[in-house]
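Taken from TrEMBL as is:
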| type | residues | note |
| --- | --- | --- |
| TRANSMEM | 21-44 | transmembrane segment |
| TRANSMEM | 56-73 | transmembrane segment |
| TRANSMEM | 112-130 | transmembrane segment |
| TRANSMEM | 142-163 | transmembrane segment |
| TRANSMEM | 175-202 | transmembrane segment |
| TRANSMEM | 208-230 | transmembrane segment |
């Protein structure tokens with residue numbers, strides 16, 4: 001276990017020692033994209049929070065946007081659909097004496113880093129621009145709200161990792177669109193039942209703060225999801241044909 005973590009951390013550090021311009025470009029794209037997503041979400045969610053309107057739009061934005069925070073917006077990820085870049089990377093890694101467990105561990109560490117950076121930007125922008133967020137939630141409560149949704153992001157990120165490593169770029173595109181459709185359907189059904197996942201998470205975070213049971217529950221379920229999908233991915237990688 002420790003050996004796997006050490007090797008995966010070494011691989012991740014090697015990525016950051018590469019082309020500095022590419023790293024800078026990744027950071028710029030990340031800031032721009034998170035500013036856009038955070039600004040759009042803040043615009044919608046702030047109005048929903050102020051009016052206590054149980055519309056499905058806020059739920060849909062959070063359900064569909066939050067899993068994206070676990071991605072690194074590099075050239076490789078942006079070109080995945082058209083160039084199948086992750087499959088090419090796997091072909092290269094198979095020529096090296098690197099166990100699949102190390103490759104998956106590296107991807108999980110990368111995901112944690114992405115959620116940390118992207119989540120800070122995304123939720124920071126929402127809080128900065130959303131007057132009603134600052135009125136309704138003290139900083140500890142807002143942190144609980146953000147972590148609650150990041151926990152949901154962890155749950156779905158396990159599925160994204162599975163798709164990323166086991167399917168072609170075109171299949172990845174269609175499966176990603178399917179996840180978006182399922183997010184819309186979930187939002188619609190919750191709204192149809194008179195609920196709101198967004199307002200529910202706000203209420204719990206406001207009442208419980210950092211002791212929120214749904215915050216800790218989402219983190220636990222997210223961790224379990226990532227671990228289960230990682231083990232399944234490692235098992236399936238052994239039989240995947242990369243030709």
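Including glycine, each Cβ sits where the backbone N, Cα and C put it.
For the transmembrane segment (175-202), same-chain residues at least 6 beyond its ends with a Cβ under 8 Å from one of its own Cβ atoms are 45, 48-49, 52, 54-60, 62-64, 67, 136-137, 145, 148-149, 156, 159-160, 163, 167, 214. Of the two recorded stretches, the transmembrane segment (142-163) lies close to the transmembrane segment (56-73), with three or more CB pairs under 8 Å once pairs fewer than 6 apart in sequence are set aside. Through the fold, the transmembrane segment (56-73) approaches residues 26, 29-30, 33, 37, 40-41, 44-45, 48, 110-111, 113-115, 118-119, 122, 149-150, 152-154, 156-157, 160, 179-180, 183-184, 186-188, 190-191, 196-199 of its own chain, all at least 6 residues removed from its boundaries and within a Cβ separation under 8 Å.
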